[in-house]
Amino acid sequence: MQIYLGITICLVAFLTVIDCAIPYYRTHSNFGSLGRRKVRQVQRDLTYRWPNNTVPYYVGNVTSTIKKSVRLAIEELQAWTCIRFQNVNEKYSDGDSVRIVDLGSCSSPIGRQQIGTQDVSLTKNCWGMGTAIHELMHAIGIEHTQSRSDRNRYLDILAQNIDNRDLPNFELLSPRLWANLVPYDYGSVMHYSADSFSNKDDEQTMLPKDRSFIETMGSMIPNFYDFDQINQYYQCYDSCRNAGQLANCANGGIPNPNNCQVCNCPMGYGGDLCDQRPEGCGSTLVATDRWQKQKLSVRFSRNDDQYFTFCNSWIVGPSDRTLQVIYEITSDSIRRQICSFGCYEGGIEVKHLQDPRITNDRDCCLNTPLNLTTTVNPLPVILYTSGATVTYDFSYRYV
């Protein structure tokens, strides 16, 4: 048995979430080698928003690695939203501010607390940019996805696998106090993993109603709806309503509030108008009425330290036809290496669902072929990794 470090979320105090660093274990089961990672919603009370969409912050006693995680997270949030992080010094006294500090946990209050300086804590076990974005999203007012008032439509909670002291972490938010601005997304960076707070090794505490999403929950990849709800909550899209030229976005894209002539694009789509395959590795595969086979791979780039390398491919066919794909990972040893709740070491996402914005079911564990039929065309196929070279055998055709 290999032992790794992961994070858990412990709800403490008022509107504060702590992600406590603890060990987790990768073990074998009939589902595969599943990692154990203990680790959105917005308040209707707008006083928790940061004035002028600006968060003053300064960095305290953290390592250079954490500083890089914070820098990358801020760059990502500022690229997708109108939120601005203003770097100030520790003597800042013109209002509320955020201090990035290591308090031995991954934690943040929810929204602006109006107490002067509030802490966002990141420690060495808070993994990369994904966790930094998670905590900064808490700081600007975003709660956990699985706490939404409509959660029970999407999850089954297995209370028998949760200690009584941990059950408050699964309480629902009041719809009177908290608003759901976007659809429920299992792949949100704000969603718990399937085994969060489990009191038994290799036992789930929550199961998606659609079981194919069990590996998707617990993602370290911020998705389209994560940024979209920030933009709605902070009314970022208002800047584009009066714009002279507005991008005509395809495939579910929305004009970027920082530049209304280009689009924020869902994963798997790129270009200024979301009508192109994203730049970088990957290829466009043209389907015929006969099965074709192709190996699709992603190799980690050291330039993507603290995050992931992505390769985006498209499968295209005639507009009036349905696409069929069959895929499976080529190496069982790599499968065992990357298999985890959250697929945070690598995996694949085939965007076959009709909503191009939502996270589809990701795979990093199954050792049998997956078979999909979809009218989505072109069909995005996203491979990603945080280290290992991941390769899938792909068969495809149209019918």
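Here the Cβ of each residue, glycine as well, is placed from N, Cα and C on the backbone.
A quick note: this is a predicted structure, and the numbers were derived from the prediction, not measured.
As annotated by Swiss-Prot, signal peptide applies to 1-20. Residues or ranges marked as N-linked glycosylation site by Swiss-Prot: Asn52, Asn61, Asn371. Sequence annotations record features per position, and here Swiss-Prot assigns disulfide bond to Cys82-Cys236, Cys106-Cys126, Cys240-Cys260, Cys265-Cys274. The annotation Zn(2+) binding site is assigned in Swiss-Prot to His134, His138, His144. Here Swiss-Prot flags Glu135 as active site.
Taking CA atoms as the reference points, Cys236 (disulfide bond) and His138 (Zn(2+) binding site) are 18 Å apart. Counting neighbouring Cβ atoms within 10 Å of each of the disulfide-bonded residues (Cys126, Cys236), the lowest count belongs to Cys236. Using Cα positions, the member of the recorded positions Asn52, Cys82, Cys106, His138, His144 nearest to Cys240 (disulfide bond) is identified as Cys82. Sequence-distant neighbours of Asn52 (N-linked glycosylation site) (same chain, six or more apart, CB under 8 Å from its CB) are absent.
With Asn61 (N-linked glycosylation site) as the anchor, the candidate recorded positions are Cys260, Cys265, Asn371, and the one with the nearest CA is Cys265. Contacts of Cys274 (disulfide bond) defined by a Cβ separation under 8 A and a same-chain sequence distance of 6+ are given as Cys249, Ala250, Asn251, Gly252, Gly253, Cys263, Cys265, Pro266, in order along the sequence. Ranking the recorded positions Asn61, Cys265 by the number of CB atoms within 10 A of their own CB puts Cys265 at the top. In this structure, the CA atom of His138 (Zn(2+) binding site) is 26 Å away from the CA atom of Cys260 (disulfide bond).
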